[in-house]
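Single-structure report; data block below.
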């Protein structure tokens, strides 16, 4: 049986889940086909150069669209898209609802009358009215009211790389911004918020750097204060539960004495509520004490693992930079994905709409390409994150199962990346695909819930939320199991299913230890995130308080705190990942080795001390003996 077979760490490397790697490569080729198709059909040119309401691409010669007037024009010298009413924004479809024309230059100053528009056309050669009107007809032709821009025409400038004329003053977009930012009630508040961010941008950048430094310092400090920190948290939880229960019973006794003098319905209801709260708190405290009593020895393992994790970061300092390259790769992929999505929005065949203008729509099976594109976003994003998990697992496994730490590879991280690329990309593709299969139905249900908000009955709403919650829990469980499967693959070079089964058996056999590590350890790391956010926020309040150039600095502070939490989460999640990998290695080590000659432990001295103390406790309790009582010799 796979659970009984011998584990041979780092002794053999072989390719795993090759069919899944081939499937992933074919899927990526499909993603590339979508990009190539959208570029070949002119979507890239329409997105970058822009096009008018008649289907003409600005800055080039165009082909006549059947049934559309003003199409097929030579607009070689008209390179910019100009909207006659740029402030007429459709909030439902999130687009500018206005006639678009190609012009040779954007109006660099406000034009207040038709005479100013005519003078601008004669001076700059840029006609801002529809193509069928000549500049000499702007002030005389009655059609000018509909075919010329709404005046006053705001000062505008071209958007870099996208050749669109955009108003310099963004006040006309305040309504759109208010729809996105619900707490902004008027444009003046929005302007003050934006000015606050722009004025304090140096402070924001400095505070973001501070959060980065604090996160790195905390990762070093946790190693030295892990023992003290865990027990401090334990004592605080015990005192808090006891104090809360005591206060509730004291309030109940006090209310009961006072209620005996004044018998009112409100007093009776309050007394009854206090009794329920006090009983609930007592039950919670008793359960909490029992859990801590059961897990008190497992807490020691958590402390030891955190201490060893600190040593791992000292021997493998490049682990600290894993969030950076993962974030960088994700940003590159997301940029590509958004670009192709914009291409898809302008690809297809020209079709007249109800207003007589041209829209580009895909027909037939091609209109479902964006579904494929969305699946690609989820699968490839999960693949990138899984590559990080496999890289970290491979490096930590190399550290753990190398007896002499001075014999470690020069760069275990790069060695782990090399093993990932050469042997285990198929395993990563399969694991990320499983997460994708769970994530997509959850996102579909969330979309349905959003669309039916206020329309469905209470029962349907409850069922939708329950399904979303169940899928979320399943996704979290599978993510945790995947991470341990990657560790098993890094140890034994087995395929995904075998690794997942082996890891699951080990985790079930150490269920209480897993619970202790995932409660105490995660709570410690959560407090670390809170500490970094609070420290950065406090520094932000002190620095921003000295700024007098703007009115509101709430938004800069929110930006800084969100960034601080993101940075702390990225760094401490790597720490959590290292602890989880160390635990699985420790569980395998203790299961298949006993410290005897030929079966020596691989573990660190700190973990050996934990095992030795555990065996001594068992021996004193009358449950030790034989091999259980051997003295452990560190290698």
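Note that Cβ sites are derived from N, Cα and C of the backbone, with glycine treated the same way.
Checking the ranges 368-401, 402-435, 436-469 against TrEMBL, the transmembrane segment annotation falls on 368-401. Ranges compared are 300-320, 489-509, 573-593, and TrEMBL records transmembrane segment for 300-320. No contact links the transmembrane segment (300-320) to the transmembrane segment (20-45), because fewer than 3 Cβ pairs that are 6 or more residues apart lie under 8 A.
Counting Cβ pairs closer than 8 Å and at least 6 residues apart in sequence, the transmembrane segment (327-348) and the transmembrane segment (523-544) reach fewer than three and form no contact. Ranked by number of Cβ pairs under 8 Å to the transmembrane segment (203-222), the listed stretches 20-45, 274-294, 368-401, 523-544 are led by 523-544. If you look at the transmembrane segment (20-45) against the transmembrane segment (368-401), you find at least three C-beta pairs under 8 angstroms, all six or more positions apart, and that counts as contact.
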